Amino acid sequence: MGEHAGIRVVHRSGSKLNFRPPVITNDSKFLLCASGECVKVFSTSTEECIHNLRGHTDLVTGVHLNPCNHLQSHLFNGTLRLWDFMDGILIKTYLIKYKIYSMYTSAYHKGVIFIIAPVQDSKGSEVFQLLALHLPQSGDQTVEASQLSVVLEDVSSNPAAVSLGRGGEYIASIKCLQLEVFFFKKQKSYRLFLKVDNKKGAKNTFTCVTCHPKDDCIATGHEDGKIRLWRNFNHKKEYTYTTLHWHHSAVASLCFTPEGTNLLSGGVESVLVQWKYRENQRDFLPRLGASITHVAVSPDGALFCCSHSDNKITIIQNCVNVSAVIQGLVRGESARTDLMVDPRTKCLVLNGNPGHLQFYSLQRDKLLYNLDIVQQEFIHELGLQQFEVVNAAFDGPGNWLATVEERRRKAAELELNLKLWAFDEQTQSFVLNTTIVAPHDSQVTDLCFCRASDSQTTLLVSASKDGHFKAWQLAAQTEADGGPSWSCDFVGAYRGLVPECCCFSADGSLLAVSFQEVVTVWSPGSWELLTTLSQPPKSIRNLCFGRLSCSKYLVGTAGHNLLCCWNLLTCSLEWSTSMEVTLLLADPHSDNMAAFCWQDKCTDLFVFKPSEPRPLFSHKAVCSGKVSRAVFAPREEMLESCEESSQWLNRSQLCFLTQNMVNMNSYLPDQCLFFLSVCSCGPVAMTPFYLLLGKHRCQTLEMRDKESSWGSLLQTPAHVLPPTSVLCAMFVESLLVSVTDSREEDEPEEEEMEGENEEDSEENVALRAEPAPLGREMVDSAPLTKAQTRELRRLVKLDHGWFSDLLDS
């Protein structure tokens with residue numbers, strides 16, 4: 001089955017907020033940052049997203065304010081867009097032939113921006129150059145900018161490696177162990193070099209640079225944590241520098257305040273350091289939660305902001321108080337837990353900060369809250385083993401959350417904790433109820449709740465590499481106990497094999513546990529082994545019970561290239577197919593299943609029902625990397641899709657987590673959330689009701705389009721609208737009725753009959769070429785009289801084409 005045009009993959013949420021330095025507006029009321037393919041505008045006081053500036057088709061690689069208080073954002077594929085960020089309106093688009101990696105603006109260089117773009121050298125490797133781009137003055141909305149001049153050659157693509165100096169007189173660039181300063185008036189550059197390391201073993205490699213706004217001073221950060229302040233750099237032999245040192249690791253970002261009285265620096269220590277310029281004094285703002293990647297200051301100096309490695313932006317007032325925190329999807333080293341949906345809040349739940357679970361809202365594209373599972377302070381130190389959350393599961397109503405955390409030390413055994421969390425109505429969060437130390441003797445491979453709605457008891461099953469699976473049951477609450485408690489109800493095993501995965505049936509009457517290449521089916525009521533299901537000798541990796549009409553089927557994946565479906569009534573293999581399935585999941589709100597397959601370095605998606613192997617939907621190359629986690633998220637309102645191929649998305653939307661490698665200089669993998677959405681239902685089925693109402697429906701849609709266009713025009717700010725004379729002429733023309741339409745309605749029947757005698761008229765040609773709704777025999781057998789033709793024209797105008805079905809019957 002081929003791909004369907006009505007369904008597409010949409011980037012939903014979870015883009016990086018820390019990809020580039022954020023920008024604070026002149027009045028300190030808004031913060032702008034690049035986020036995937038759009039630019040987000042946040043309120044610095046309420047933390048809410050005010051606008052999403054959408055229009056780019058590729059990764060946004062920077063945001064800058066120009067002197068006219070408009071927003072300029074540039075794009076990796078070579079376009080630059082000018083926005084009015086207050087109203088979220090695109091003003092102008094500049095087309096550039098180069099890929100833009102970074103951009104720099106200055107109030108002293110009007111009409112010119114500086115960009116870093118790649119250039120191919122003779123050896124075929126990619127090197128970068130700093131270019132001056134002259135923006136043409138044009139009234140068109142789309143303008144091609146082609147006037148470029150080379151400023152510096154062989155520069156770094158890191159956006160923190162270039163900075164404009166005092167009054168725009170010079171520009172500084174760093175790369176490896178070289179500092180290059182180019183003076184615009186002299187058209188001359190000076191290069192200053194450092195040794196690889198000094199006698200104490202310090203690493204002198206440059207990491208970032210910034211220039212003082214009112215003094216001839218350049219500040220550079222280095223890998224050894226030192227900051228150097230360079231002066232007299234217009235002389236190769238007379239330059240001097242002073243050294244500041246507090247950071248124990250590389251300096252990630254530097255920024256001067258607008259008046260130049262303070263220098264801000266940040267790194268992996270999660271501490272914002274404020275250095276007094278020309279004074280041996282510094283202040284600290286510690287415990288910001290994560291490593292600092294970018295530091296920025298508002299134009300009036302009232303606000304500081306830091307971007308962090310956990311996809312967070314912290315807004316600070318005068319380096320004293322944290323006034324706001326804008327948190328995006330937290331990017332951990334890996335998503336150890338499955339991608340889950342909280343039954344209460346409908347949020348996506350997955351690993352967040354170390355030792356935490358994050359509850360992320362897809363609808364708002366915002367992190368609701370973090371749940372501290374480990375409840376220990378995270379210590380940033382390389383090689384230090386700390387507790388990690390590796391498994392998590394919700395019960396059906398969302399009253400209980402089970403988590404597994406583990407830590408393996410070099411000289412000690414594996415430490416395991418199974419924790420049961422109860423939902424507290426007062427705090428609207430989960431509270432720790434039970435901690436089970438060492439629930440298994442080895443790693444936990446799977447964890448699942450019995451999610452049956454009519455189940456009398458709450459049951460949890462955990463499988464481990466120690467060769468056992470255990471059933472944990474919630475005991476009834478008694479007055480003596482003072483609260484609910486959990487206990488082990490059953491320990492199961494099968495021939496000393498290792499259980500890989502487990503799952504409950506929809507009604508909770510069956511439990512399937514896979515022991516390597518054997519699938520065992522148990523009865524949770526009596527814990528009796530009911531049957532075993534065999535298949536080719538390959539380890540089972542995924543198991544899913546069918547639901548609703550397909551509840552008698554059990555689907556699993558084996559090895560690297562086999563998808564199997566068993567019939568539980570006959571205890572036999574129903575069908576199997578050769579597919580390299582990396583992830584299998586079932587929709588809890590329908591009888592559909594989704595399988596992600598890895599093939600030709602791309603991931604393909606297949607949606608099917610276990611009752612038949614033929615897929616309902618397929619999507620080739622849904623993403624370029626492997627899909628690590630996926631889940632069916634319920635919709636707030638059920639869709640009524642008329643296209644059969646998209647009906648499986650009526651109740652749920654398929655979300656998946658992927659790893660996208662950004663093809664840029666040493667950037668880390670970017671985790672993004674995607675989901676499949678119905679973009680259009682396609683053509684409506686040709687039923688009698690469609691033939692009766694089709695014409696009226698088209699007219700209604702045209703009227704709505706006109707109304708929406710004028711409505712958007714009325715909501716547009718007046719200073720960006722065309723002149724009033726143009727708008728009035730357009731509005732009057734939209735109200736006028738065409739002359740041909742009025743004649744057709746008002747002319748008497750005699751005039752129509754005269755018009756019918758013209759053999760070459762467009763209407764007669766249409767009647768001959770198009771089969772009449774009343775049957776082909778009526779047209780071909782004999783010529784029509786004037787009365788018959790008039791009656792036929794009347795029927796065509798009324799669009800009673802559905803009579804053809806009655807006559808044919």
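From the backbone N, Cα and C atoms, a Cβ is placed for every residue, glycine too.
Keep in mind that TrEMBL annotations are predicted by a computer and have not been checked by a curator.
Some features that TrEMBL has for this protein:
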- 33-56: domain 'C2H2-type' (DOMAIN)
- 53-93: repeat 'WD' (REPEAT)
- 199-230: repeat 'WD' (REPEAT)
- 244-285: repeat 'WD' (REPEAT)
- 740-785: region 'Disordered' (REGION)
- 743-763: compositional bias 'Acidic residues' (COMPBIAS)
Problem - Sequence-remote partners of the repeat 'WD' (244-285) [C-beta within less than 8 Å, at least six residues beyond its ends] - result: 21, 160, 207-215, 219-229, 291-297, 299-301, 304, 306, 308, 316, 319-320, 322, 380
Problem - Helix, strand and coil residues within the domain 'C2H2-type' (33-56) as assigned by DSSP - result: 0 helix, 15 strand, 9 coil
Fill in the blank from the handout: Mean per-residue pLDDT in the domain 'C2H2-type' (33-56) works out to 87
Problem - Number of helical, extended and coil residues in the repeat 'WD' (199-230), per DSSP - result: 0 helix, 17 strand, 15 coil
